[in-house]
Amino acid sequence: MRQRNRSGQAGSTEVDLVLFGALGDLAQRKLFPALYHLEREGLLDPATRLLGLARQGHDLDGFRCRVEKSLEARVKTQELDRETLARFLARLDFLPLDFTCPEGYGAIREWRRHASRPMVVYLSVAARIYGDICRHLDTSGCLDDTSRVVVEKPIGYDLASSAGINDAIAAAFPESRVYRIDHYLGKETVQNLIALRFANPLFGTQWNQNHISHVEITVAEEVGIEGRWGYFDDAGQLRDMVQNHLLQLVCLIAMDPPANLDADAIRDEKVKVLKALKPFTDDMLGRDVVRGQYTAGSIDGKAVPGYLEEEGANTKSHTESFVAMKTGVANWRWAGVPFYLRTGKRMPEKLSQIVIHFRQQPHYIFDPDQRDLAANKLVIRLQPEEGIALEVLTKDSGLDKGMRLRRGPLHLDFNSAFPKTRIPDAYERLLLEVMKGQQYLFVRRDEVEHAWQWCDNLIAAWEEHDEPPRRYPAGSWGPVASIAMITQDGRSWYEDY
Ligand SMILES: NC(=O)C1=CN([C@@H]2O[C@H](COP(=O)(O)OP(=O)(O)OC[C@H]3O[C@@H](n4cnc5c(N)ncnc54)[C@H](OP(=O)(O)O)[C@@H]3O)[C@@H](O)[C@H]2O)C=CC1
Ligand SMILES: O=C1O[C@H](COP(=O)(O)O)[C@@H](O)[C@H](O)[C@H]1O
């Protein structure tokens, strides 16, 4: 995990960060605010420089002014102090460039002329031009053996396109210097899964099919497609959310303990999980996988349009905005343990959580009416509030209650337990790690490709059957069939929100 950069210090953040697409949505909405927060926390090396690249012809003052306005709009007023802002803006440089034209790249080389610190190239642009950019950086002599590249999701549309993009990146950067972002890996509680599982002997010994009956992962979004019809209708929820974020969560829940915290030790274990994911067969389609698409409805009392009425919609689209599935990991640790996953847009609230359902005691001695209650659950909440709760059974208090059981949480709410600790945005952590040259929170090529392979298999089966998605009203928890999918196993989605 620890690497040395050219400035000689392990984990130093002294880099030149070169941001392609610096005026785009991601850069303005997420990356500059994250970098500002790193500045404010004193985590940026004083010598670190930031170069913004974009097609539009801003001069440096115009660019700084644009970034300042974005920060004023995105950073909470109490966190935006003028001194930090001035220090941050002073780090920024700007060059206008058409990324697909090799001629302009000499200007980047010039900008770097006397710099000895590593260059981190962040590609905040569509993946279809990653190849051009990497090639032009290489042929124009901008790269050396310390240069790193950060790439955004989605990496491709399927295994074949993803392999093409990865090949183009690999022609300029070795895998050890490629940082593939999955922003879920930057979320505090997601990283906490590693601490929770591997630092607590209590869980370490129980984390297998002998003690866990099933696992649930819900990633519900209140938002719809947010004006991104062009992208989303080609992708759908499986490619947009399952191929990356949900499968990464499955990996962190299901992987075996890595030998150490080195990036490759962790990623080797994640790949084993992806390889062991159960493939879907035709007979599972109706039973174990449900695709849905939202119709008009209301959320928080506000009317919202259906998917087919969104701006720019093709009213015949069968693209799914919701997926629920029952899958599993075919190995000794997880044999017979279903993993129920569901994710959708326009659900009643934003909620991302993992629920580990432990098995019941082998011999039950309490009130037979309470038998269903008698199992522990570990609820790991990623958002909106981050926290971990272990549901335990205790005796109901009161003289008249006998040995009746009561279910209650041993609850760790990060905001109230550690009130002074600001929970950083995922991009803050990811940017910090890439500047330090640490890869453990980034996705390796084989992870991306195994995840695509598994999704491609499901998509091919869907395409063959060509069934329209089931409708669900915006503001609901998805199609009724997604509830039937889990109740057919005598279980239900965890609803104690
Ligand atoms: N926005 C988000 O929340 C998320 C984005 N991503 C990924 O991040 C990446 C960036 O997304 P996003 O910021 O939304 O995209 P945008 O389209 O908003 O930004 C991309 C920027 O790159 C510029 N650009 C494109 N082609 C060229 C070119 N040939 N020369 C110079 N500039 C060019 C665009 O300029 P112009 O406008 O002039 O074309 C635009 O400013 C994508 O890979 C996306 O999939 C991933 C997760 C979330
Ligand atoms: O990558 C993506 O993630 C967001 C959801 O991210 P979150 O951190 O808000 O949970 C999703 O809305 C978007 O469609 C997808 O591309």
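For all residues, glycine too, the Cβ spot is worked out from N, Cα and C.
The annotation in TrEMBL ties His183, Lys187, Glu221, Lys345, Lys350 to substrate, and of the candidates under consideration, Asp240, Asp367, Asp369, the one tied to the same site is Asp240.
Distance noted between the C-alpha atoms of Lys350 (substrate binding site) and His245 (active site, proton acceptor) is 15 Å.
Max Cα-Cα distance over the annotated substrate binders (His183, Lys187, Glu221, Asp240, Lys345, Lys350) is 20 Å. Less than 6 Å separates the Cβ from ligand 1 in the case of Arg55, Asp98, Phe99, drawn from the binding-site residues Arg55, Asp98, Phe99, Lys187 in sequence order. Note on proximity: of the binding-site residues Arg55, Asp98, Phe99, Lys153, the one nearest Asp240 (substrate binding site) is Lys153, by Cα distance. For Lys345 (substrate binding site), the spatially nearest entry among the recorded positions Asp98, Phe99, Lys153, His245 is His245, judged by CA separation. Of the candidate recorded positions, Arg55, Asp98, Phe99, Lys153, His245, the one lying closest to Lys187 (substrate binding site) when CA atoms are compared is His245.
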